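S.K.: These came from TrEMBL, pasted as-is:
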- R166: active site (ACT_SITE)
- S217: active site, proton donor (ACT_SITE)
- E287: active site (ACT_SITE)
- 19-187: domain 'FAD-binding PCMH-type' (DOMAIN)
Amino acid sequence: MIQEIIKPLVSLGNFTTWRVGGPAEWLAEPQTIDEVKELITWSKNNNLRCQAIGAGSNLLINDQILKGITLCMKKLQGCKINNVSGSVIALGGESIPVLARRAAKAGLHGLEWSVGIPGTVGGAVVMNAGAQGNCTADRLHSVKVISIKEGKEFELTKKDLGFSYRNSVLQNEELIVLSARFELEPGHDQNELTRLTNSNLNHRLKTQPYNQPSCGSVFRNPEPLKAGQIIEGLGLKGFRIGGAEISKIHANFIVNTHHATAKDISKLISIVQKKVLDVHGFILQPEVKKIGF
Ligand SMILES: Cc1cc2nc3c(=O)[nH]c(=O)nc-3n(C[C@H](O)[C@H](O)[C@H](O)COP(=O)(O)OP(=O)(O)OC[C@H]3O[C@@H](n4cnc5c(N)ncnc54)[C@H](O)[C@@H]3O)c2cc1C
Ligand SMILES: NC(=O)C1=CN([C@@H]2O[C@H](COP(=O)(O)OP(=O)(O)OC[C@H]3O[C@@H](n4cnc5c(N)ncnc54)[C@H](OP(=O)(O)O)[C@@H]3O)[C@@H](O)[C@H]2O)C=CC1
Ligand SMILES: C=C(O[C@H]1[C@H](O)[C@@H](CO)O[C@H](OP(=O)(O)OP(=O)(O)OC[C@H]2O[C@@H](n3ccc(=O)[nH]c3=O)[C@H](O)[C@@H]2O)[C@@H]1NC(C)=O)C(=O)O
C-alpha cells in the first residue's frame, strides 16, 4: 500500500543541507521506480501538486506549509557500473559523491571533480552541477524521466536537455529524473583516481565553509566575474540577518549559524542583490532554487 509511505506534516528542514524549510503537507521517500509511479497516481487522484527534491543541497524551502506532496528522491538508490565499457547507470537518488568514489574504484575517469557535491544524481542533472571546470553534462549520455502530469516514462538524450552553466531544460519541466546514464573513461589507475577525488575534496575544505549548513554557492558567477569576489569587495563577509550569515570563509556561501529561517536567508539574498546592483549595475542571479515562495 503506497499510503504507508506517505507522511503528513513532515519538517523539510531535515531534508535540506541549509536545515531550513517548513513542513510538507505530505512527504514520501520512494525507494523504487514503481513507488514513484504510484505516488504520481496518488497525487493525481487526490488533486495534489507533486514535486521532487533530491538531497536538498541547492534548495531554499519557505517556512510555511508546502502544499501538495513532496517526493524526496534520496532513497531511490542503485547503480550499475561496467568497468570495461565505462558505462554507468545510476538511479536518480544515488549520491553523487558515492557514485564518484565507486567509479574511481572501478578505474573509471570522469567524475572525480564531483566528490564534494552533497547532491543526488537527479539533482546534479537538473542543476548541471559542476566544479573545477567540469560539469555533469560532460559525461552524461541520457536520462530516464517520468512526467508528473501523465505519469509517462521516457528517455531524453544529452542534446534534449539544453545544458548550460548550472542550467538544464529540466529546471522548467514537470519531470522526475528516475535514472541517468554516464559514459566514463575506463582503464585508469584507481589509486590515482582516488587520490584526485581526495585532493579535490581537500581543496574544498580549505576554500568553502564545509562544516556549516549551506547550499553551496548562492549565486551563479556573472562570468567572467566571480560572485564571491564581488560580495567580499562590498565588505559583506560576516554580514548577518537573524541566523543567516554571509560566510567569512567564502562570500558566495550563506551559512545557517543558528536557527536561520527561509525569511532570514531570502532577506540576505535581496540585500546582496541590491548592493551589487547599486555599486556594479547588474543583478546577481541566484543558483539556489526557491520552493514554496
Ligand atoms: C557544501 C556544498 C557544496 C556544493 N558544491 C557544489 C559545487 O561545487 N558545484 C555545484 O554545481 N553545486 C554545488 N552545490 C549545490 C548542490 O549540491 C548541487 O546543485 C546539487 O546538484 C543539488 O542536488 P540535490 O540532489 O541536492 O538537488 P536539490 O537541491 O534537492 O534540488 C535541486 C533542483 O533539482 C530538482 N530535483 C532534484 N532531484 C530531482 C529528480 N530526481 N527529478 C527531478 N527534479 C529533481 C529539484 O526540484 C530542484 O529544482 C553544493 C552544495 C553544498 C551544500
Ligand atoms: N556545508 C553543508 O551544508 C554540507 C556539507 N557536506 C559536505 O559535502 C561533502 C559530501 O557529503 P556527502 O554527500 O555526505 O558525501 P561524503 O563524500 O561525505 O560521503 C559519501 C561516501 O563516501 C565515503 N567517503 C567519504 N570520505 C571518504 C574518504 N576519504 N575515503 C573513502 N571513502 C570516503 C563515505 O563513507 P562513510 O559513510 O564510511 O564515511 C560515504 O559512503 C562532504 O565533504 C560533506 O562534509 C555535506 C552536507 C552538507
Ligand atoms: C559551490 C558551488 O560551485 C563552486 C565550485 O565548487 C567551485 C570550484 O570549482 O567553483 C565555483 O565557485 P567560485 O567561482 O566561487 O570558486 P572559488 O575558486 O572559490 O573562487 C573564485 C575566485 O573568487 C575569489 N573569492 C572567493 C570567495 C571570496 O569570499 N572572496 C574571493 O575573492 C577566489 O579567491 C577566487 O579567485 C563554483 N560556484 C559557482 C557559482 O560556479 C556551487 O555551485 O554551489
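Every residue gets a Cβ built from N, Cα and C, even glycine.
TrEMBL entries are annotated by machine, without manual review.
Because the structure is a prediction, the values reported are computed rather than measured.
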S.K.: Quick one: give me the count of other CB atoms within 10 A of the CB of E287 (active site).
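M.R.: Its Cβ has 20 other Cβ atoms within 10 Å.
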S.K.: Including all protein chains displayed, how many Cβ atoms other than that of R166 (active site) lie within 10 Å of its Cβ?
M.R.: 19
S.K.: Once the chains shown are all counted, how many other Cβ atoms turn up within 10 Å of the Cβ of the residue listed as 'active site, proton donor'?
M.R.: 20
S.K.: Give me the Cα-Cα distance between E287 (active site) and R166 (active site), rounded to a whole Å.
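M.R.: With the alpha carbons as reference points, the distance is 7 Å.
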